[in-house]
Amino acid sequence: MAKKVTAYAPASIGNVSLGFDLLGAALKPIDGHCLGDKVEVSSAEQFSLNVVGRFAHKLPADPTTNIAAHCFHMFSAKLKEKGIPVSDVAMVLHKNLPIGSGLGSSASSIVAALHSLNVFFDSPFSQHQMLLMMGELEGQISGSVHYDNVAPCFVGGLTLMNHHGDHIALKLPLFENWYWVVCYSGISVSTSVARDILPKQVSIADTIKFGQQLAVFVDACHRQDENLAAAMMQDVVAEPYRKSLLPNFDASREFVMQNGGLAFGISGSGPTVFAITNDAQHAEKIKDWLQQHYIQNDDGFSHICRIDAQGADASTIIA
Ligand SMILES: Nc1ncnc2c1ncn2[C@@H]1O[C@H](COP(=O)(O)OP(=O)(O)OP(=O)(O)O)[C@@H](O)[C@H]1O
Ligand SMILES: N[C@@H](CCO)C(=O)O
């Protein structure tokens, strides 16, 4: 009997303005659009990776350089360490997210690939072990290990990273009435380049502001004080330096904040931006305006989303 596992891993917002490398959110478009990569895994005599989908052509043609192939090799090596025999598989990556978009594109491929492999091999790794592998693979791409895309993408929700003990991703209470409007401009920004332009030191004033904002935000989430939470969503670490890479960023913020927006910022390392509003009509208006003024080419798009509370999802077919 042939077994095939398909895993889906949603797009995500890294940083969420106030939590550089520490806060992330998984996204689910309200219109049912599939905003995330998928990976299929089935048995094979020899390992193979086939890449299809809207943004497949933007990846290097050689599949051995694809992070999904690296996922299989890391997964196999860790299984061998456990003394579990590894068989080869055929993988198909549906590359639905644009590369260098700020939507956690590589994270989505990593999570879909590792989750499909883990389910295919009957879940030999715990959630914690999987997250460690995901962070390491993400680090291979961006030059430093950060979990703010892979963690929400895998476990869902609005997640705060914790480097103590076995719970890397702490899920925060959500504001269920918030719409998250995301707009990808269509250009590509490399995460490692966007990290390299940041200063290596942060001033004492910014350190105090960063700590205070994150602490007050978490408290406001627990007390469901949406105005206070939104007021904390300012980026003192990355946005002042990265926004110069993003044409029309300041004009977009101005429009959003004058049209029902509670907060506006860069998604991950950009160029995608996000706006939060608690009103459906304002969400539509913001989406339309960003579509007309923030998008630069035919690759761009905008979606109104809720937080994806579930994260990665897998299904198995045995035929
Ligand atoms: N499956 C994959 N998905 C995305 N990028 C991949 C994949 N495999 C290899 N890469 C390479 O990894 C690099 C991804 O760069 P980068 O981290 O800037 O993008 P990203 O993960 O798409 O960004 P973001 O998190 O901002 O969406 C590119 O050089 C790309 O060619
Ligand atoms: N926290 C990471 C996210 C990258 O998508 C950064 O801002 O560099």
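Cβ atoms here come from the backbone N, Cα and C positions, even for glycine.
The ATP binding site feature in TrEMBL is assigned to Pro98, Ile99, Gly100, Ser101, Gly102, Leu103, Gly104, Ser105, Ser106, Ala107, Ser108. In the three-state DSSP scheme, Gly104 (ATP binding site) falls into the coil class.
Annotation source TrEMBL lists domain 'GHMP kinase N-terminal' at 70-157. Mean model confidence for the domain 'GHMP kinase N-terminal' (70-157) is a pLDDT of 95.
Under the heading domain 'GHMP kinase C-terminal', TrEMBL lists 218-295.
Selection of the binding-site residues Pro98, Gly100, Gly102, Gly104 by a Cβ distance under 6 Å from ligand 1 yields, in sequence order, Gly100, Gly102, Gly104. Surrounding the centroid of the Cβ atoms of Pro98, Ile99, Gly100, Ser101, Gly102, Leu103, Gly104, Ser105, Ser106, Ala107, Ser108, where the record places ATP, the chain contributes additional residues within 8 Å, namely Ala11, Leu97, Asn149, Gly268. Counting other C-beta atoms within 10 Å of each candidate's C-beta, the binding-site residues Ser106, Ser108 are led by Ser108.
Cβ contacts within 10 Å of Gly100 (ATP binding site), excluding its own Cβ and spanning all protein chains shown: 21.
The sparsest Cβ neighbourhood within 10 Å, among the listed binding-site residues (Pro98, Gly102, Gly104), is found at Pro98.
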